[in-house]
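Per Swiss-Prot, the feature transmembrane segment maps to 10-30, 42-62, 73-93, 95-115, 139-159, 163-183, 199-219, 224-244, 254-274, 289-309; the stated evidence is sequence analysis.
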Amino acid sequence: MQIKRSIEKIPGGMMLVPLFLGALCHTFSPEAGKYFGSFTNGMITGTVPILAVWFFCMGASIKLSATGTVLRKSGTLVVTKIAVAWVVAAIASRIIPEHGVEVGFFAGLSTLALVAAMDMTNGGLYASIMQQYGTKEEAGAFVLMSLESGPLMTMIILGTAGIASFEPHVFVGAVLPFLVGFALGNLDPELREFFSKAVQTLIPFFAFALGNTIDLTVIAQTGLLGILLGVAVIIVTGIPLIIADKLIGGGDGTAGIAASSSAGAAVATPVLIAEMVPAFKPMAPAATSLVATAVIVTSILVPILTSIWSRKVKARAAKIEILGTVK
């Protein structure tokens, strides 16, 4: 049976299928973890420890050395994405109620959901798209996108926008596994190779545990809103990313569109933030569902939009070249 190959045909499948299975488990048998106990309970409820190991391995997979072009392109995209998420947070905090919207079509929408959906780029999706439509250097620009993974950037955005306050030691605790992994991976290439193999392996495990915090009725209630959130992520982050790629990154805007997705890891952010700041706990389930839907939507639309943009840019460049030759 080609189970893995079938799952991978779904955009973000290795994250979203286990997430859905976990949500099924939580919806129809919410006490399963307590009933079975031991290791089974650990797999069902172990979101934070599994993610801690994943962050460590993610840090170890990042190589410090990179060309100037790669760093400029990567830095431009990462900083722009984070800056846009900060602006969205600052505006949303003045419009959306403190505990999120509780009634009506926008029920479940919160500043936490908006920031979590917008501040992280799907690095793997970006790299695969740019390998097809961009240069080798542009494809390699995902190197710094891994720094967005995890709750740290979301914490910084929420903190600096005045939406939440975090003690300094909480910031350190959030980033420490990543930094230790990063240090070890760059001190020893063999360790980097060893730990980086676990990055993809751990995704289904933390996705399943994360799914066990979601009730499927919440997903049903936020489905259409989640689709609109996914479209909003592409528009709100995509336009500034295109402009930044052209003006600062030295590109033609293709990399900007390719970076306008939501990362699968962003699905875990609301729960992790809620663990650190209990005030966010009531919003976390709906925010998780919204972000999960946004991940699916952006994973489907971003490759299509990038393809269309790239074709138009290349056609325009070819036309200009022909006109220049004629003259």
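Each Cβ is built from the backbone N, Cα and C atoms, and glycine gets one as well.
Keep in mind it's a predicted model, so treat the numbers as computed, not measured.
Only pairs six or more apart in sequence are counted, and the transmembrane segment (42-62) with the transmembrane segment (224-244) gives fewer than three Cβ pairs under 8 Å, not enough to call it a contact. By the count of Cβ pairs under 8 Å, the stretch nearest in packing to the transmembrane segment (95-115) among 10-30, 163-183, 199-219, 224-244, 254-274 is 224-244.
A contact between the transmembrane segment (73-93) and the transmembrane segment (254-274) is present, since 3 or more of their C-beta pairs, 6 or more residues apart, lie under 8 Å.
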